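Structure first, commentary second.
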Amino acid sequence: MLLRGKPTEIGAKIYNFGYPSCIQKTSLAIDVGSVPLQSHIYCNAMWPDPAFFVHIRSRTTDPILLLMAGMVQEEGSSSVTSSPLQFFSLMSLSPGLGSPYPWLREMKSEERGLCLIHLLVACANHVAAGSVENANIGLEHISHLSSPDGDTMQRIAAYFTEALADRMLKGWPGLHKAFNSTKIASVSEEILVKRLFFELCPFLRLSYVLTNQAILEAMEGEKVVHIIDLHSYESAQWINLLQLLSARPEGPPHLRITGIHEQKEVLEQMAHQLNEEAEKLDIPFQFNPIVSRLENLDVQSLRVKTGEALAVSSVLQLHSLLTFDDEILRRNSPLVSKNINSGNLQGVFQMNSRTLGDFLEKDVSNVYSPSPDSTSSSPLSLATSQKVMNFLNALWGLSPKLMVVTEQESNHNGYSLIDRIIESLNYYAALFDCLESTVPRASIERQKVEKMLFGEEIKNIIACEGLERKERHEKLEKWIPRFEVAGFCRVPLSYHAMLQARRLLQSYGYDGYKIKEESGCLVICWHNLPLYSVSAWRFRRYS
């Protein structure tokens, strides 16, 4: 139960950042008789005096008021419950056509957003516990409130419920394969949606500006420069670098870019565009394509030559190397096994009564307590680091003068499903809100980014496990020790790079985007929530 005057842990994590607009601190000024009610929907708002709501109850029966004001007086009692969700206990959870409580559709955006968050987390508890019947009931009720073309929280809920349903369906491999048998993965669509994200939001542009400026400064005076692009699909970044190098006072260097991608056609297109630009600028240039997934890359195929000044660019790639067979880890680690069997699921129960109040109230109460795997010293973190450590060690062996890394600034690599859901709700709420503030709701391009990029990432984070789960985002605080152990030392990003990034944000003309320095690295934020980090590293020779 939510305690009066005390923020819940989940509330503190989801609401304290001041985003998105659907779950910001919101004042509902409602006139009830002669007494105005000012209700603050916010995680750490103190509930008003119960006596006040005794007066309110005597003057209204409006369900939204009673629910979102946070107090419902029980019949025959002078006491007032401290939970805004207990009002749901009056409602049936019996499955049927249409919403069993149509007034939910008429809720305001802020009210609906709060309700959806609690429903999602409660439903996730049932999914994690394998309670199919209860999870199905929860998904049904969420479907009455969510929508892929609604407000921010409605859209998020639509993709989270799709991910939860996909996870449940994997319990029946035959059904899951049948439902997905006609889906054809299209590389061209994947490239298209990433370019739309590049155009609609400033995050990738900022990453490219910061990366190119760091390379330009590190390669000053070098005559032969070799850049390794760990995921080569966007020519705009390197076209910009070619233009910067052509303006060097000492003249441009001989530039070689090694592009890595699993599709030959993508690399061929990159080669054509970059060769064309280099010829136009009269820069000696060579593009070396390598058709490979990053996890299967043979470092020897990079063909680094003596005398080359080497730079490595990684944009949202290294986290995919954190994949690990979770089943092997669970068998070998009693701590992780104990955590998955009990850790965050202690509050899960089997419903006897089919009331939405029970479904919510008893599930959400103890829903968030970070599990041991969310810390960098846990067995999970150490085990999943081995593949990426081998890769970083191999890169160190190439003696790069600079490596610039962009990663998602969030912890989506927990073993516990609940940990991942709470973290990803925070993270993707901000990303959806970014698009909401800059792109019209009816935009087809925005819908594609949300469905084909964000939606697929959410599905991978929630529905997948083991080697199939690639979106294992981790924060800068976990990446820094990995780079240092591998033999790299930090290169502070320059003031000029920061200045260029700020100018780029100003050119967008939208409030909310921020850049801040953290441990010599730059973090790109939406309001005060970090979303992406950019860090620079160089080879450190041991004596």
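Just so you know, the numbers here start at 1 and follow the chain as drawn.
Using N, Cα and C of the backbone, Cβ positions are placed for all residues, glycine too.
Annotation comment: TrEMBL describes 194-259 as region 'VHIID'.
The motif 'VHIID' annotation in TrEMBL covers 225-229. Same-chain residues lying 6+ beyond the ends of the motif 'VHIID' (225-229) with a Cβ under 8 Å from its Cβ atoms: 215, 219, 238, 241, 245, 253-260, 302, 304-305, 308-313, 400.
If one looks beyond the region 'Leucine repeat II (LRII)' (269-301) by at least 6 residues along the same chain, the residues whose Cβ comes under 8 Å of a Cβ in the stretch are 230-233, 235, 238-239, 242-243, 245-246, 252-263, 317, 320-321, 323, 387, 391, 394-395, 397-398. Positions annotated as region 'Leucine repeat II (LRII)' by TrEMBL: 269-301.
Residues or ranges marked as motif 'LXXLL motif' by TrEMBL: 318-322. Beyond the motif 'LXXLL motif' (318-322), the same-chain residues lying 6 or more positions past its ends with a Cβ under 8 Å from any Cβ of the stretch are 230, 294-295, 384-385, 387-388, 391, 405, 407-408, 413, 470-474, 479.
Per TrEMBL, region 'SAW' is recorded for 463-538.
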Check: Taking every residue in the region 'SAW' (463-538), what is their average pLDDT?
Finding: 91
